[in-house]
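Here the structure comes first, spelled out in structure tokens, and everything after it is commentary.
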């Protein structure tokens, strides 16, 4: 009898003598090939052959050292699949136990998932639907990475559980999603089963047309039609479909084909043979489980003896701990008093911290308000001074006016420095990245300071690494501020010398470069006692230095704050009488260097001087509530033959912009009634084209982005230099007047 012969072969394989006769170190390939053969026999409904080959794979796995547990796990889980396919649910506990015993704690998540989904299907077939879905959810929760292949396996078994529960409507979308399913051992078998499951589900949902569509897919794939169990299912579904469609001949035909296959594979002799094989096979594995329990019991006995020794030692240890506890209790009482004292001090420190932060906020608002309010009268002072200088004053008057102009510009620079430091302390500075060329940037900075260099007979030199990329990504404006302050500081304290700007690549990566910068001079140097606080606000050194060289004492503070904003830091090395070197490293992103060698076309602001800027037939609307500022601005416009009209507030500006044509609108931002931002927004509702340039004594709270978002084309900060004023107007008129 076939079943007995299979059992006899299986028994021989398990004999120690027979097992020892196998090669000492079997290769991995024969085991994998044998497992693959088991799948083929299972799917071709050869239960005895599948059991025999699977036991052979287990015997071979017993002789290998590497991946031994993995092979055992794969074999025992395959036994579960085999017994599920042949409806041997009563014998599955043994294989579940053996699979779990070979599931290592550090096993891959995929193996644990494989066992969980099999347990889910077992629970579903036993009617424990809640437990089945619990296993599925646990499998999903341990899926660390969303691997499609592993996720599809979970979804496949979830669909099988739902089909057992007759939840056809929920199973259908899952089956549709995973089809076709990739599987190294039984891809055709699984995918044929999925199509048949879809057809069966639609049939149960009274959707025969959809069911027939899936049956047609199966019939067009001959590789799916070689599995007896699936063939029986196919004929049964077709028989039911043709019955619904009232085709009796087809109904009978497929019913007979199904019965014929059932007779072949499910006759009494075949069932008894499978029962016999399963019984003997499971009995042997139960013996293995019993042996394993005996081994575990012996281990447990040894552990009990060890536990007794540990118990005695623990008692001694507890006595020691008790004595230590008494000592610790006394120490803790002392610590508690200390902690209470510390807690009180911490509360006091927290209150002091909050008070300091509040004071800083008040200071920031105060400085912002004062600086802002100073700008408006300062605009009148600098503007009127400029106009008076242009009207050919007497020599004695010109000297006074130049002094007034210098004082106004000095005060303006001082206000700007205060606002810059204030913004930095209030965390209002933001990095705005964009492409720029480092050599061009430093060239422009050096050029702008050329006049200052000549005053003390100094030379500015650039020494840049040739390998610095032509295009870098960063905040070029803030970087310019850093170098202007550093170079300007060096020029101020150097006479008849040179200031060198050095740049060297420290590290280059795929999309970024780290550059080391130095600004070096051979001037008077810095005294050692001043070095630690050189970057503090107003730290210029002695009163004599302050009086001789002037300045606000905020330049280096601004440099440090800007570099911190760019994730960098600055340090200084100095030798009194020999000079100083300011050093920092900066990491910048690299850009696309294609085409960057082309000469850069200068903008209008770089090309033309104030005298070269000419306007013809330009009419401007000036929106300004301050009468003095109206006079100053109109005078400056008239000097360039620009005609203008005045609007005293935002409402008047909207009315005039709506009823008249202007080439450009100069919009004050801070006005009573309606602000310049709101007025600009209203004007943009009916006029999208007219250029609007904001005139603002910008404060700490203002965000320039708000001005641009409202519709402003450009911003001029009051007080401004006439040259900047005219160039901004020229640029916003498109470079030429109409």
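Keep in mind that glycine also has a Cβ here, set from the backbone N, Cα and C atoms.
Keep in mind that what you see is a predicted model, and the values were worked out from it rather than measured.
The following features are taken from TrEMBL:
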- 1-21: signal peptide (SIGNAL)
- 309-329: transmembrane segment (TRANSMEM)
- 335-362: coiled coil (COILED)
- 369-590: domain 'Histidine kinase' (DOMAIN)
- 619-733: domain 'Response regulatory' (DOMAIN)
- 668: 4-aspartylphosphate (MOD_RES)
Cβ atoms near residue 668 (4-aspartylphosphate) (within 10 Å, other residues, all chains): 26
Local confidence of the prediction over the domain 'Histidine kinase' (369-590), expressed as mean pLDDT: 81
Structural state census, the domain 'Response regulatory' (619-733) (DSSP three-state): 50 helix, 25 strand, 40 coil
